[in-house]
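Student: Take a look at this one; I'll ask things after.
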Amino acid sequence: MERQLDAYCAHLRNERQVSPHTLEAYRRDLNKVLAYCEKQQISSWKALDIQSLRSLIARLHQAGQSSRSLSRLLSAVRGLYHYLNREGLCDHDPANGLSPPKGERRLPKTLDTDRALQLLDGAVEDDFLAHRDQAILELFYSSGLRLSELTGLNLDQLDLADGLVQVLGKGSKTRVLPVGRKAREALQLWLPLRLLTNPADDAVFVSQQGRRLGPRAIQVRVKAAGERELGQNLHPHMLRHSFASHMLESSQDLRAVQELLGHSDIKTTQIYTHLDFQHLATVYDSAHPRAKRIKGGDS
């Protein structure tokens with residue numbers, strides 16, 4: 001079973017060209033299924049049936065796994081069985097018809113506009129790490145990049161003269177995004193410093209040894225910036241969520257935000273309308289005289 005799982009992961013990496021981050025998440029989920037099969041003495045993927053998979057989902061849910069995590073696991077299983085069926089190694093899909101237990105819809109965490117400006121407008125020290133990290137933060141917030149898109153960014157994808165960046169998104173789909181003035185300025189300060197490392201390839205963001213920064217290194221630097229400037233936990237996707245929320249709040253153009261984010265399904269983008277409504281409700285509660293009267297206890 002593990003050999004076939006290895007072959008599937010190689011297929012995802014080489015033929016489907018999924019990002020390392022996505023591949024790691026799929027492998028982690030499928031390893032849970034593999035461990036369950038070994039424990040239940042299920043000796044092949046062909047022998048795993050819908051009842052056994054349903055039992056695993058129930059156990060993981062009882063152990064605290066979120067509905068979203070279980071949905072991703074089922075998606076990984078469906079992908080595996082699609083591959084196994086295509087290769088003639090199986091003739092069924094135990095995940096067919098299964099859905100995870102429903103859970104509360106969690107809204108993405110964002111920074112409000114003031115907090116985003118507080119993060120980005122602080123004084124930047126004149127050194128390698130400070131200029132690099134500032135360029136990373138500005139680009140995340142300016143263009144709404146995914147972590148995998150930023151780590152994979154090469155010099156030939158940047159056009160600072162026209163203020164554009166071309167990124168390779170999920171499913172190897174490319175899209176061209178605007179780069180704001182502040183992000184362009186930060187990149188123009190960073191790129192000459194990058195050359196001092198004699199970089200090994202064309203990566204935009206490199207370490208002091210000239211090697212491309214990986215996802216974990218960028219997560220660590222973003223987290224450090226959040227703790228230093230805001231006193232809170234911060235991760236790259238929070239900057240992407242903030243970009244989306246602030247763009248939608250200003251433009252009210254859901255389709256445009258969908259294109260900028262690279263979402264194939266507008267339903268994925270619609271979650272930001274809930275954030276926008278949440279903001280409007282807060283403004284209403286604080287500003288509308290009738291809302292204030294209700295809060296004051298008048299009837």
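Backbone N, Cα and C define each Cβ position, glycine as well.
Source: prediction; values computed, not measured.
If you look up Swiss-Prot, you'll see Arg146, Lys170, His237, Arg240, His263 marked as active site, on the strength of sequence analysis. Annotation comment: Swiss-Prot describes Tyr272 as active site, O-(3'-phospho-DNA)-tyrosine intermediate, evidence class sequence analysis. Annotation source Swiss-Prot lists domain 'Core-binding (CB)' at 1-85. Among the features that Swiss-Prot reports, domain 'Tyr recombinase' is placed at 106-285.
Just tell me what is around each of these and how deep it sits.
Tutor: Here the Cβ of Arg146 (active site) has 20 other Cβ atoms within 10 Å, regardless of which shown protein chain they belong to. Following the DSSP three-state reduction, the secondary structure of Arg146 (active site) is coil.
Lys170 (active site) falls within a helical segment according to DSSP.
His237 (active site) counts 15 other C-beta atoms within 10 Å of its own C-beta, drawing on all protein chains shown.
Long-range Cβ neighbours of Arg240 (active site) (same chain, at least 6 residues apart, Cβ-Cβ under 8 Å): Phe140, Gly144, Leu145, Arg146, Leu261.
When secondary structure is read from DSSP and collapsed to three states, His263 (active site) falls in the coil class. Its Cβ taken as reference, His263 (active site) is surrounded by 16 other Cβ atoms within 10 Å in the chains shown.
Confidence in the domain 'Tyr recombinase' (106-285), given as mean pLDDT, stands at 87.
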Student: Summarise the domain 'Core-binding (CB)' (1-85) as counts of helix, strand and coil residues per DSSP.
Tutor: 68 helix, 0 strand, 17 coil
Student: Quick one: pull the CA-CA distance for Lys170 (active site) versus His237 (active site), whole Å only.
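Tutor: Rounded to a whole number, the Cα-Cα distance is 15 Å.
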Student: What's the CA to CA span in angstrom from His237 (active site) over to His263 (active site)?
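Tutor: Each residue's Cα considered, His237 (active site) and His263 (active site) end up 14 Å apart.
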